[in-house]
Amino acid sequence: MVEAINTSDMAEEMTVDWRGRPSNPTKHGGMRAAAFVLGLQSFEIMGIAAVGNNLITYVINEMHFPLSNSANVVTNFIGTVFLLALVGGYLSDSYLGSFWTMLIFGFVELSGFILLSVQAHVPQLKPPPCNVNNGEECVEAKGFKSLIFFVALYLVALGSGCVKPNMIAHGADQFNPDDPKQSKKLSTYFNAAYFAFSMGELVALTLLVWVQTHSGMDVGFGVSAAAMAMGLISLVSGTLYYRNKRPQGSILTPIAQVFVAAILKRKQVCPSNPQMLHGSQNNAPNDNATFSSDAGSFLHTEKFRFLDKASIKIQDRTNSKESPWRLCTVTQVKQVKILLSVIPIFASTIIFNTILAQLQTFSVQQGSMMDTKLTKSFHIPPASLQSIPYIILIVLVPLYDTFFVPFARKFTGHDSGISPLMRIGFGLFFATFSMIAAAIMEEKRRDAAVQSNKIISIFWITPQFLIFGLSEMLTAVGLIEFFYKQSLKGMQAFLTALTYCSYSFGFYLSSVLVSLVNKITTSSGGGGWLGDNNLNKDRLDLFYWLLAGLSFLNFLNYLFWSHWYSHTPSSSSAPSALPQLHAHDTTCMEDYKHHRLDDNIP
């Protein structure tokens, strides 16, 4: 199977230094420059994860919101962060560039952390303290106090959402994918980026949560602000070493133009002479800077043939120039086709993130029903179980990059050892076994508790986290690399943002799935699989088996779409070897130059 990824176009993009001058390969870019971005990534995730993981405790205990409202506050916050990644990607690629987007919205996120810390510290900005366990009546935060909280929280969401996709994109921009040596380093960078992410998460789930618990939420939010400040210092420190890509103007307008032009010319028939297509000549002008690229860089594909009609030139006696909303270049059409082609790959990772949601909710609840004793005096907090995948990632990522990638490269010839699509596929496959392990363990735990009145050790729950850690290393990094390497010039940050949208959709799907399962199982008789707050009465094991089945079906679905994406029926590679198209042909020849197919999957 061959995955059509064209990285040569990305290398041709002009990169500049901090003064706007052409970048110097000996002074700018490379792993030295990317290291400063990795510093921001590690500190940023450290700050946001510490807030997100303990937010529900603050909302209930300090703001006195009801339990249902508190849960909605947390899920809405997390979902908003991931969805706003699209906004950050759009602003970066279109107008600001990655560096300025990170800097501006990094300070927005920092201001949100500071405001949260101030509110948590100043008694006048919170409801009066109370103790529910003693029967005291708690006053819910309303009015100005509630406004301050939500303003602070969504400043954090806006800042973090817009920063996230640009950290990956800007770090990857420091490498020239057309240089064989730097192409290998680009693969190393993607692994290093996830290592930095895992380190930040681990520190947040252990040290920072401990600080919040023992020193107060005001100190905890303050530590998150300090971590974000350190990240911004790291980003600014690398200013002299960055190679920056210029923003290309609106990235959505050229896409819309292709659809509009194709609809307006839906009754047209492709000409027999390929030179009649706009932009098929080597010297054809390019009307859209966003998709600027040599039109000869692509082969024509049979996918989405209807869009080819957007490049048909209408001949008239006046020889007037057509509007860009009626006539698009073949390069524009090809780019839109690529964008549509990656959507099924993106959609195939949503179930994967639905499984991740279970490990952060039900699996933690499982742990609370087990023996958490490690020694006579030390108990493992169930919430700390979420740190297991990141511990695994911290160990596996360096081993993967140091040993597996060079070994696999000898057989595949691929710079990343195996292609991004293959890496995603392996990750989705292993995710199924994570849920199988969870189902088997829950059945064992429930039987021991109900039939024998025994509580088994919390260590029984670790396999599902260990397997998912391996799955996440393969899927998440593969997805980021896959999106970044698409030949969509000027859209790297926007495409990277799609990976975060997958997280958002996965968590939303989890909520829908839980509600749906409860409704169906309750209507069929009984209390429902997840209808009780007591896991000994629920059937969480059956829910896990359902997720395992959905995960395997999703894996098969992914195999279909990855095969569809990779096997692109295309035309011959040179004009001289092409037969003339007849007037009745319904597809348009975009161009006929050499196209490199350099990503292999089974």
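Every residue, even glycine, has its Cβ placed from backbone N, Cα and C.
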97-118, 141-162 - the one TrEMBL records as transmembrane segment: 97-118
Stretch in 192-213, 461-484, 493-517 most in contact with the transmembrane segment (73-91), if contact is a CB pair under 8 A: 493-517
Whether the transmembrane segment (420-441) meets the transmembrane segment (338-359): three or more C-beta pairs under 8 angstroms: yes
Two-stretch contact, the transmembrane segment (542-561) and the transmembrane segment (192-213), at least three Cβ pairs under 8 Å: no
Most Cβ pairs under 8 Å with the transmembrane segment (219-242), selected from 33-61, 97-118, 338-359, 388-408, 493-517: 33-61
Contact call for the transmembrane segment (493-517) and the transmembrane segment (338-359): at least 3 Cβ pairs under 8 Å, seq gap 6+: yes
Stretch contact, the transmembrane segment (461-484) with the transmembrane segment (33-61), Cβ-Cβ under 8 Å, 3+ pairs: no
